[in-house]
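Colleague: Once you've had a glance at the structure underneath, I'll fire off some questions.
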4 protein chains.
Amino acid sequence: MTPSSTRWPVAVLGATGAVGQAFIRLLEGHPWFDLVEVAASERSAGKSYQEAAKWLEGVLPASVAGLTVKLCTPEQVTAPIVFSALDSGVAGDVEAAFARAGRLVLSNAKNYRMADDVPLVIPEVNGDHLALLAHQRQVRGWTGAIVTNANCATTVIAAALAPLHQAFGVTKVFATTMQAVSGAGYPGVASLDILGNVIPYIGDEEPKIETELVKLLGTFDGTRIKHADIITSAHANRVPVEHGHTVCLSVAFERKPTPEQALDVLRNWTGHAAVKGLPSAPEPALIIRDENDRPQPRRDVDRGNGMATTIGRVRADHLFDLRLVAMSHNVVRGAAGGSILNAELLAASGQLAGIGAP
Amino acid sequence: MTPSSTRWPVAVLGATGAVGQAFIRLLEGHPWFDLVEVAASERSAGKSYQEAAKWLEGVLPASVAGLTVKLCTPEQVTAPIVFSALDSGVAGDVEAAFARAGRLVLSNAKNYRMADDVPLVIPEVNGDHLALLAHQRQVRGWTGAIVTNANCATTVIAAALAPLHQAFGVTKVFATTMQAVSGAGYPGVASLDILGNVIPYIGDEEPKIETELVKLLGTFDGTRIKHADIITSAHANRVPVEHGHTVCLSVAFERKPTPEQALDVLRNWTGHAAVKGLPSAPEPALIIRDENDRPQPRRDVDRGNGMATTIGRVRADHLFDLRLVAMSHNVVRGAAGGSILNAELLAASGQLAGIGAP
Amino acid sequence: MTPSSTRWPVAVLGATGAVGQAFIRLLEGHPWFDLVEVAASERSAGKSYQEAAKWLEGVLPASVAGLTVKLCTPEQVTAPIVFSALDSGVAGDVEAAFARAGRLVLSNAKNYRMADDVPLVIPEVNGDHLALLAHQRQVRGWTGAIVTNANCATTVIAAALAPLHQAFGVTKVFATTMQAVSGAGYPGVASLDILGNVIPYIGDEEPKIETELVKLLGTFDGTRIKHADIITSAHANRVPVEHGHTVCLSVAFERKPTPEQALDVLRNWTGHAAVKGLPSAPEPALIIRDENDRPQPRRDVDRGNGMATTIGRVRADHLFDLRLVAMSHNVVRGAAGGSILNAELLAASGQLAGIGAP
Amino acid sequence: MTPSSTRWPVAVLGATGAVGQAFIRLLEGHPWFDLVEVAASERSAGKSYQEAAKWLEGVLPASVAGLTVKLCTPEQVTAPIVFSALDSGVAGDVEAAFARAGRLVLSNAKNYRMADDVPLVIPEVNGDHLALLAHQRQVRGWTGAIVTNANCATTVIAAALAPLHQAFGVTKVFATTMQAVSGAGYPGVASLDILGNVIPYIGDEEPKIETELVKLLGTFDGTRIKHADIITSAHANRVPVEHGHTVCLSVAFERKPTPEQALDVLRNWTGHAAVKGLPSAPEPALIIRDENDRPQPRRDVDRGNGMATTIGRVRADHLFDLRLVAMSHNVVRGAAGGSILNAELLAASGQLAGIGAP
């Protein structure tokens, strides 16, 4: 399963923010990847990482504390694999520069997600879409590549619906999200806004859910991604939860399953075969709870080291066919951990040949 | 507008619980009603109210602190108008006993809500349904009567959809609720269950929403309520909010309105005419917010003294016709305040003749 | 009690922030003061207030929504009475400029609090210190004046200890605060920092408590303030509470009182006589609770329209003499409301003669 | 370091509550102890554990889910080592019955903590007090024994002060606690009481802190515990935190240290030598943070698998000598984990000879 006997040096762009810190936590002790460089904006560049970042969770790894923060340019950052936690405001140009310079960029930004030649991947769901990279290189003339992962709320939905779509053909989705504050980064949501409150709006979140889902559940025909024929209507809400986006779903299908049939499919789903055994792959990817009051973000968010998706309350729907609730860790499964799993899948499947070459 | 120059003595059953306390707060200084009796279970009966109740919010009115708690029987409690905050486990028999004894019972329990001869009323929405009481007395042989108000989550939805239903004919509703902890009473939800968490389940809540809504939006034909032809699919969630149930709605109509048309109807809606000017009637009943991040429970819950419903994010829906968000105070608008407004409407419209007579 | 038949035009500096908004809320419908101008930084100046401010709580008064935000200069802002919610970074120069231009500045910033010629006043506690203004004008050559109110945590402590100091002579104080997030302004404390958490540090708060208290409880000898001979040791903490700073106190006295004697003094305290009947003066100023679990910020913070201080758990101490808990609203009593009460006291006592004259 | 090649069968009394569940989580995979029995009240007895308990955190170990819940009697429960999470209302008689029947009882209840012949032990702090068991057996005539661990808030204080007491002689302590809701068990604190709130009272907590601390920091003279000569004044508060009690301390010493000297002692403290290397012993026991805003419960509570105590803000005090802040996990370090570490120390030091014999 290990891609080779050699380890890969990797870098994190946007390393001081909340997602950047999650990359650092998850890469600590990683069996294949060595975090050798951290990069951020001009304000942080030149400082030690410890000095530049306000570390938010757990213990800052000693091996990273002393790294000097670099600027986000392919001249300064030399690692062949680059995890990007950059804001969309700067991600467009920076990520392209790295791909042009021969690096594999694993991006959390929205900029390239919907581009025809850029894979938008949740490995278990559509790991085969990574084959789109050949097309990307041809089109863009890059020696490197950009692979994106989905918006964190979309990730919950796609992970929960992929098995059902494969089995019964999803056609319509109502999705109401209750999203954790960590999804807004740091400092992000002001405590005066969210303590004891619900904010029924997250900027740009509903369109992301509605557009990304059809690409994630689409099919790769050897050349391009054919989007799934699904119409989604999303309601995005912020709730006073630290980590974990919870989503209530009502779903219509081409072939209506009973709740029992759906549960059977969800319980037995294994996802894209090549993902099995990767270092960050949760086993199982989906956890199905029988209790009627689960999933709950605070209690279920860390399952599978934050990479599992927990599903519950699968039941009949009066208007569509099924209702269910799904939840996963927005910073791990929905951001940093998802990018790392994408990189692992590329490494394990030998698609990193030539990456990092000048 | 005042029903007469005389004031009505009233009692509260289940007076020590969270809704019972809300009745006491809202009746303090009421222009028409004098709270003269409080009643509760055997555990509290015989004690002073101050001794029996753990007062939760604001200041316990001095006039109530010293009242001796009575048992919930029409022998002990003599007031002609009785506000019931009883649990459904005991409400069935107790409320019937009071109605049989000639009292007007304004109930918050679910027991009689769906009975054919019992009005389920939100005054602005379907105040005309109170005329069903003539039928109730005939059927039951009661000299008194039972009037119910709806489940607190259903109340939010019905208040927001009534104007749209009247104008465009609602046919389908997806409703995802994010409900405050006070909806579960006291002690209710354990802090270990809800701090920083979401619980995607509230026992019996979804069926209540789905069944009560069609009666609330139904029409009274002079004899009985014809239920509205609406199919509802509900997802009920508990969130760490003190007061205020927030609901995300996707709605289909017979005659599809644009968001602008819907907003126009909502802004100009006045509701059942006889409600206007009642002591507890909010003015306006619906508050429409233009900001995309409203309503918010902590910031909007007290509008109209907790009796107004705040609506926002009225926008197009990809699957049905409209999406919107609505919120109101679950303990005031959705419980005690709703009951009091029902009683005010009955008093103002002269329907209390004979109430309290032996 | 009304200072004259005329109303005073007033302005708010720093009007868009959390304390600035509190001024606007509290001045709405004020019987003596008319809010005619709002001022803020260059970023907001020239916009309508509604456009410039993200309104945080309740309903933005319509009379203010359309005001054009001015710059914080005495040339642009012409009102004779100026409430300052400015940050300490700019308050020093700006407030002096207004005082020099003949205006009465009621400041919430720390800059002038400890200056020998500037009154630091909680009206009930040391309203007589306002007489220091004569000295201030002499020293500074200002036709206007600066009056400051205390840090919000210090305000809780001073209000609770003033009666005891007057009766028994406070000598030593241990104070541990649990402070609401609104004390940090907006956006202030990040939700990721405080949800389900305690932060045992607030920058510069402990020194403020330790130094301001002795001035507040000091005596005015006709020329200057003689600081009280009290040593204070403070521990400042931030907790996930919206409004209301709670303080645990252990106190030593010159003449040790029993808890009963202390309670007697607290219950009968009326404070500086001239405060009684002022529009914003709470009646009573101190609320003493007998229950052992009060005060609580969420339940007691709005007593006296947010201007009362609630005290409980007065009991013996093993090391010093007494322990007690005190709490008040940090934004109202501890900031905007305190400033307004200062202005009312000045107006009622005829000390505004000449204010606003060129 | 392992006590012998054999493993010990153990039982948990009061297994369905919050602390009982913590025992089960912490014993899962324990290298020395096999959890073979769970016991609870009559309401649960006879059911499977899964059926009887509402599992609160993480995943219920499969090996426990199917255990039949027994009654808390030495006839039904046969394991030689018994961890007691019983309420004080029943712990007195039940724990004595087990000790009389030859079992080692590790108790979290307050009943025997202050008894002259019962060790009250935090292993690193006063592990040598376990030698008191010889005296206990003599006095009580028991073949088994009772060992207690301290109240969860006292545990934080004792762990932080032990090194300083050993080096400089603590004489006076002001302690203000901010305690997590899990300290009250389940369902425990109602969400309506604590959301966005502080409760400045915890029943019986302040006396426990004041009395237990002097025993924990006392010295064993071969026969009995000489209590430390320390006077403590405690203020106990409940805050909306899930796990982790935070305590602000002001401390006076016989030999006043500088903050630097105190930090030096804290950093180099290793505690009772025999604890080193025990399976549940954190390494280090004390974590000293340099940042001025630590410890924080949500961010530091899991250090050392919940067994470490985090200390910060060591600084001079104006009234006593030092101020500091300490925090540890109330359910792990302060309850179940503490009991397990006590049992490990007894096992490793050969003091279990005869335990479990008839």
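Including glycine, each Cβ sits where the backbone N, Cα and C put it.
According to TrEMBL:
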type	residues	note
DOMAIN	C:9-133	domain 'Semialdehyde dehydrogenase NAD-binding'
ACT_SITE	C:CYS152	active site, acyl-thioester intermediate
ACT_SITE	C:HIS245	active site, proton acceptor
REGION	C:286-307	region 'Disordered'
COMPBIAS	C:288-303	compositional bias 'Basic and acidic residues'
Colleague: At the Cα level, what's the spacing in Å between C:HIS245 (active site, proton acceptor) and the residue listed as 'active site, acyl-thioester intermediate', rounded?
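Modeller: On Cα coordinates alone, these residues lie 8 Å apart.
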Colleague: Can you tell me the three-state DSSP label for C:CYS152 (active site, acyl-thioester intermediate)?
Modeller: helix
Colleague: Any same-chain residues 6+ apart from the residue listed as 'active site, acyl-thioester intermediate' with CB under 8 Å of its CB? Would you list them in sequence order, or say none?
Modeller: C:GLN179, C:GLY183, C:HIS245, C:ASN330, C:VAL331, C:ARG333, C:GLY334, C:ALA335
Colleague: Just to confirm my parser: what is the rounded mean pLDDT across the domain 'Semialdehyde dehydrogenase NAD-binding' (C:9-133)?
Modeller: 97
Colleague: Around C:HIS245 (active site, proton acceptor), how many other CB atoms lie within 10 A of its CB?
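Modeller: Neighbour count, Cβ to Cβ under the 10 Å cut-off: 34.
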Colleague: Please state whether DSSP places the residue listed as 'active site, proton acceptor' in a helix, a strand or coil.
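Modeller: The residue in question, the residue listed as 'active site, proton acceptor', is strand (DSSP, three-state).
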Colleague: Quick check on the domain 'Semialdehyde dehydrogenase NAD-binding' (C:9-133): DSSP residue counts for helix, strand, coil, in that order please.
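Modeller: Summed over the domain 'Semialdehyde dehydrogenase NAD-binding' (C:9-133), the classes give 42 helix, 26 strand, 57 coil.
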Colleague: Sort the residues of the compositional bias 'Basic and acidic residues' (C:288-303) into helix, strand and coil with DSSP and give the three counts.
Modeller: 5 helix, 1 strand, 10 coil
